[in-house]
């Protein structure tokens, strides 16, 4: 950095004009982002509205997909449920694809734009094929009018469309949350606070979008107006894409940092090759780090250096400098499969430290998935009528969404300001992400206990002699409101805290991967829930017993399954507390500190010929 550049930068800071962001973000053209005309809530609100519209579009298809398969494509219940599970799992798998492309090659903006285009193409194809081929005769697909059979080409067109939707939404979702957080400089006090608040509002936008899909669009589709519902979803997705592109000049970007898989493998291979090398006596001072020229380059790079930690010391061997490494450097450069910088080693450590925390979130996702399955079946076996109006059991999830909105407000406006008055052991104030995730587990336990108690009373007022359990209990479905509300409250602490935690604790080059971990937690929760239900049914039906979860719930003990989940979540909470106490947070070297360090180097080493440098710079 020349003296002229240092002088001009200092003058701009004094005037308060053109101040660059401190976290290393750049604008669309790759230039350092200027705080006053980029990012912040202008860009953040655009992304929040984009997320709400995209979620509305996605759930406009997903919320009633199982009904479309049974009513329109005439599949049986088992095949339809299996196909929906495969489709949902594919969405989460594609989230890893999107995160990989974003962090490695495309960057978050380009990845979001490309996968949103794919999303729109999939929705347009589904809407067009439904209107032209699948909805025959017109108005079929409700509870009364059956649809005609379909050709192989028409079925293929349908599956191609919904898997394009899965690809588009899966690749988009883990990146849009992270891209929204990128609009706030975490090294600036005011923007750092806004960045934390963004995740709460992001989850709120997601829930508000799904609320419209679960109510308005769900009603249209249930009445057989499938094409209208799908076209509404398509229009919402197109509007979301246009809005996203309109905000392009305002966005801040982190540049992709290359393939993380190769970087991980390099650390493991280098550490293994040096398994017999003795540790240096002076720690990091004798380990491989960027030299001065590399430091200068790293200022312009998006990835901040990670401070050295003492965990997983075996991996530190990848950064030990041997005589052979020195020879390689003299002959043309460092061999990355034998010598890795400390920051690269710490990237691997970060992911390893995150894994126990991530595993502990899976049981919570098992609890969360009951809202879309057993909660609905339980509600169907209760009194669902109010006067002459019949309440769809699945619509009770609206109380979950309303609870999310309420508790986000309570947390942001009441709990968080109150918590900032108290200090944690490490000197920080307020409720940390780890605290919030633990609170989410506690509330999830209460939700399962509440569901179990309601089921006990449902059985007490149920007609045991009925052959079909729908509406067989005189207990009102509104007794389910507490369990739905508690699930909503737990989401605010667990899922919002999880988004913040994985975004904050992953290196700059792996932020999208951190968001993908949240989606993978939900995916694993579905798989574990399915496995758990299968095991419970098999074990509880021995000796010709009806089991805990029979077809007729009045002959089973669904309450025992809820209490089992409460017990498993309690055990998970104990393990989580142990993992949280062991966890060490990532420590990043601030961009502005690196720049100041370089400026100090220039002033210290070149003070004798300062006037000569000014002359060369033509000041």
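Just so it is clear, glycine is given a Cβ too, placed from its N, Cα and C backbone atoms.
All annotation found in TrEMBL is predicted automatically rather than curated by experts.
Within the set 337-356, 357-376, 457-476, 477-496, the record from TrEMBL flags 357-376 under the feature transmembrane segment.
Between the transmembrane segment (198-220) and the transmembrane segment (434-454), the number of CB pairs under 8 angstroms, six or more residues apart, is fewer than three, so the stretches are not in contact. The stretch from 41-69, 226-246, 357-376 with the most CB pairs below 8 A to the transmembrane segment (155-172) is 41-69. The stretches the transmembrane segment (561-583) and the transmembrane segment (357-376) meet in space: the count of Cβ pairs below 8 angstroms, excluding pairs fewer than 6 apart in sequence, reaches at least three.
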